[in-house]
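**Q** Next up is a structure, given as structure tokens.
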Amino acid sequence: MKTPNAQEAEGQQTRAAAGRATGSANMTKKKVSQKKQRGRPSSQPRRNIVGCRISHGWKEGDEPITQWKGTVLDQVPINPSLYLVKYDGIDCVYGLELHRDERVLSLKILSDRVASSHISDANLANTIIGKAVEHMFEGEHGSKDEWRGMVLAQAPIMKAWFYITYEKDPVLYMYQLLDDYKEGDLRIMPESSESPPTEREPGGVVDGLIGKHVEYTKEDGSKRIGMVIHQVEAKPSVYFIKFDDDFHIYVYDLVKKS
């Protein structure tokens, strides 16, 4: 496997860099500082685009328009204008207000709904979800890079893919991890005796923090504002956060044990 990055699809160019809470650890993901968004009036309800293939242009400042294609994975219940999108050739999951963001141009629905893929080994899938892992990637000149992270969940729509995040870069990625596991590139780390596995409570997770606004102070003293948009069922102390100035989805443990 290649080191996680944001490989550009055909006709795509790197978007402008935005402020980050953490270093990118030699990653080349696309970043941007978001500007104010305003809704566009609509006389009728918009169609459900979750599961659809989409394409659109992207216009950032004075940069030339670039073209993007991807799959809409989910619509965020706490903020229905926000969609999670897996773009072709990009390892990260992006969060964008597709109908409101003025940088999104000529949004087109390419297909009504993609056929849901199936996992080859349901038992193995259940085994890796919620686990701390070591994920091996091929670095420069054939070297091996080891990334420690956590498998968060099976991705929606694209069921053969899994959400994962890393200690080096706590944003939301997705990969076909069962293939990596079978090829020896994904290894489940032994559970620490000091931190017993979290048991899932019956009836799902408590979502008391979902929808809450959070403030993050960066190393330079500047602050960024975001919203908690999702709680990870397999690890209830772990949440997804969408910051106003970035379209990446950040993954943080908000209930750190002292």
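Any Cβ shown, glycine's included, is placed from N, Cα and C.
It should be emphasised that the depicted structure is a prediction, and the values quoted were computed from it without experimental measurement.
Per Swiss-Prot, the features are:
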type: COMPBIAS; residues: 1-23; note: compositional bias 'Low complexity'
type: REGION; residues: 1-49; note: region 'Disordered'
type: COMPBIAS; residues: 28-39; note: compositional bias 'Basic residues'
type: REGION; residues: 50-99; note: region 'Tudor-like domain 1'
type: SITE; residues: D169; note: site 'Histone H3K4me3 and H3R8me2a binding'
type: SITE; residues: Q176; note: site 'Histone H3K4me3 and H3R8me2a binding'
type: SITE; residues: D180; note: site 'Histone H3K4me3 and H3R8me2a binding'
type: REGION; residues: 210-255; note: region 'Tudor-like domain 3'
**Q** I'm trying to understand the geometry here, so how far is the Cα atom of D169 (site 'Histone H3K4me3 and H3R8me2a binding') from the Cα atom of Q176 (site 'Histone H3K4me3 and H3R8me2a binding'), in Å to the nearest whole number?
**A** 19
**Q** Over the region 'Tudor-like domain 3' (210-255), what does the predicted model average in pLDDT?
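**A** Looking only at the region 'Tudor-like domain 3' (210-255), pLDDT averages out to 94.
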**Q** What are the DSSP helix, strand and coil residue counts for the region 'Tudor-like domain 1' (50-99)?
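**A** Summed by class, the stretch gives 0 helix, 26 strand, 24 coil.
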